[in-house]
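Colleague: Before we start, here is the structure in question, set down as structure tokens.
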Amino acid sequence: MLIAPPLVYALLLLALPLCAVVLFSFWTQDFMEVDTAFTLQNYREIWDSPVYLLLLQRSVFVSGMVTLVTVTLAYPVAYYISFNVAPAKKSMWIFLITIPFWTSYLIRVFLWKVILGYNGVVNSGLVGLGIIDEPLSFLLYNVNAVIITLAHAFAPFAILPIFVALEKIDRSLLEASRDLGEGRIRTFLRVTLPLSMPGLVAAVLIVFIPTIGDYVTPELMGGAGGKLIANMIQTQFLQLNNAPLGAALALVAMVCVTAIALVFIVLNRRWLRRQV
Amino acid sequence: MSGGRILGIYAVLYLIFLYAPIVLLPIFAFNDATIIAFPLSGFSTRWFEALWGNAALGDAVGNSLFIAAMTAILSTLLGICAARAGAMADFPGKSGILGFVMLPLVLPEIIIAVSLLIVLRQVLDMQLSNWTVIAAHTLLCTPFSIAILNGAFQNLDPSIEEGAMDLGESRWGAFCSVVLPLVMPGIVSSLLIAFTISLDEFIIAFFLTGSNPTMPVYIWGLLRFPQQLPVVMALGTILVALSIVLLAIAEFYRRRGLARAGLKDSGGFL
């Protein structure tokens, strides 16, 4: 069976390790040793600690905002490429959009620091134009800076699935809608948007879930008030040497975003059914 | 102004937003000042010269190239298996298994990093090395390889292969002499994409590198020292140029593959 090698690989390096994470989250760290007695202590600690809950809340908020911003900004671009660009030039546009995504992630995040920083591009531009006298200090080292940077990083992930879904729409359906007297906007809302929904949902999932696991952007852009749950997970594993608590935090974060994503899918299905 | 025009202007603005950080990179890499800020002071190539004699950086680049090459080969091999299986007749649990193999695409990278770290360090008590990073990167890149190769395999007309077998080729012979050349552009494209992803990956590599850092892990260390930043800019400029060349080649092969299969280009790697 040909499927065996990739399946076995994914089972050994994904499914099995995930089971180990679940197991570890019910154990505790006892100095250098891991105490393997089953306990809910890690989860209790997360629940009782205002720090972890705050980080979790902030992370879910940031992921949600990033998803909203990314998908909203991306949809018109995908729409433009699918409906307004000549077929021969479409793949060139897609190629142009994907290029920045493949180039050194760390350096891209760092460059946002250069753009938004105290002596950065935005500030020197505004000062140079005489719009402001003093550089703005609220651009960098806060949650907004994290959201902007992540929205930039995930842009192609949102554009591609929406574009693919838009490409699949039978153009004669749009003509039919127009022929039956619907206007441009109503045709979009009642035909194009519902038909592109699978792409939109894919875009939401592919942005919302992975953003929870990024610790680079909050570390570089977030300052003290912009740290997220992924920073805490990283600290637990690599600095505090508390793998069980880190495992529990990672699972809680993962379950939170997955649950929210599922609710979104269910609500979306309901909305689609009402459209028919 | 028509709706299409407004959308077009918006799309161009969006591209400017996407490219803004990358455009800044060469500007500061050739800028003759230690501080990364405006106004610029003058043209200089000294940051590129500083890269040349840096032995630690050389080691990190060597590690990263080795990891990226191995990852590209392994994930493409796994991708060929999965894409070929996906293009063949249905078997029980097909969509579930294929979905599971694609899972790393939507999983937060930190989850992959953390779970592998637990297994390697706590359960197996292994030393972290380049191979632990390769194992994780292969897991991460396989879905991308599958996505690219799916395009190549699903467009294949099964009667070509059957024809070769009717003419006396064995199953393996038909695969090597007929199928492989037809999907070769997809394979090259998959190798290049996996190579690019692995070369750039930081979140997982930071957890799983041993005593020898990969290039992104080394860059991460440099970001803390302000006087090193122009060197990082110079390095970044080279990396971006390299990625663009690799991607352009990958795109060229992907299109050639589509042309070979006699298909219309629907765009995109994913």
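Residue positions begin at 1 at the first shown residue.
Backbone N, Cα and C atoms are what each Cβ position is placed from, and that goes for glycine too.
The domain 'ABC transmembrane type-1' feature in TrEMBL is assigned to A:56-266. The feature transmembrane segment is assigned by TrEMBL to A:7-27, A:60-81, A:93-118, A:138-166, A:187-212, A:245-267.
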Colleague: Cβ under 8 Å, sequence separation of at least 6 from the ends of the transmembrane segment (A:7-27): give me the contacting residues as numbers and ranges.
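Modeller: Tertiary neighbours of the transmembrane segment (A:7-27) are 34-40, 42-43, 243-244, 247-248, 250-251.
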Colleague: In the same chain, which residue numbers or ranges, 6 or more beyond the ends of the transmembrane segment (A:138-166), come under 8 angstroms Cβ to Cβ?
Modeller: 58, 61-62, 65-66, 69-71, 73-75, 77-79, 81-83, 94, 97-98, 100-101, 105, 108-109, 112-113, 116-118, 120, 122-123, 192, 195-200, 202-203, 206-207, 210-211, 214, 217-218, 221-226, 228
Colleague: Restricting to the same chain and to residues at least six past its boundaries, which positions have a Cβ under 8 Å from a Cβ of the transmembrane segment (A:60-81)?
Modeller: 90, 93-94, 97, 143, 146-147, 150-151, 154-155, 157-160, 162-163, 166, 192, 199-200, 203-204, 207-209, 211-212, 218, 228, 256-257, 260
Colleague: Given a Cβ distance threshold of under 8 angstroms, which distant residues of the chain, six or more beyond its ends, lie next to the transmembrane segment (A:93-118)?
Modeller: 77, 81, 85, 135, 137, 139-140, 145, 148-149, 152-153, 155-157, 159-160, 163, 216-217, 220-221
Colleague: Below 8 angstroms Cβ to Cβ, which residues of this chain, lying six or more residues outside the transmembrane segment (A:245-267), approach it?
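Modeller: Contacts with the transmembrane segment (A:245-267): 21-22, 24-25, 29, 42-43, 45-46, 52, 56, 59-60, 63-64, 201, 204-205, 208-209, 212-213, 229-230, 232-233, 236-237.
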